[in-house]
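Student: For reference, TrEMBL lists these features for the protein:
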SIGNAL    1-36  signal peptide
DOMAIN    38-154  domain 'Pili assembly chaperone N-terminal'
DOMAIN    176-232  domain 'Pili assembly chaperone C-terminal'
């Protein structure tokens, strides 16, 4: 075989490999998008000691059946035994809705002094189409939702507690201290008139201090948070 023939074959293989990779990536992206199909009716679950349980509804608007696996992890994504989800495994048919319950089962939780954070993990596994021949790519999509448990000593409604946050300059950084018994999740934080360039701030735990490192030195801070219902709160203006 001549060298020119080898070069042609090599170029053909490279082109074929690139095309196959592109097709694979497009297929993988499409499959990934298709798997992100089940919809939870809330972005957070708040459980008070008085109620002891919260309910989440899951909607399947697609034409495909799914198997759903549910479990609860603690704030560090580790195993725990205080909060239980029922049922831990269930099926959801195409264009149907189901409900799962998240329940506090450890009596010691009600005696805590501060709100407790957990995560609800919902893994959706699509049903394999047995009418199709050959191998099928099946991707399981995981959705995580915060679960807040409020003990007896913590009011069931957070209300305007987020307005009590303490802000302070700390060198080239900005710190925010949370004196409340609640986890406070920020929606937006910005300084001065720079709303288009928000500061990076996620969540501050009860009694904790969060350091914000991309602070540019303004004496005026604005912020709003995500409330108990997943909505944005009113904006709070702070002068340092």
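Glycine residues also receive a Cβ, built from the backbone N, Cα and C atoms like all the rest.
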Student: Using DSSP, how many residues of the domain 'Pili assembly chaperone N-terminal' (38-154) fall into helix, strand and coil, respectively?
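Tutor: Across the domain 'Pili assembly chaperone N-terminal' (38-154), the residues distribute as 5 helix, 62 strand, 50 coil.
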Student: Averaged over the domain 'Pili assembly chaperone C-terminal' (176-232), what pLDDT does the prediction give?
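Tutor: It averages 97.
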Student: Work out, from DSSP, the number of helix, strand and coil residues along the domain 'Pili assembly chaperone C-terminal' (176-232).
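Tutor: Counting residues by DSSP class gives 0 helix, 24 strand, 33 coil.
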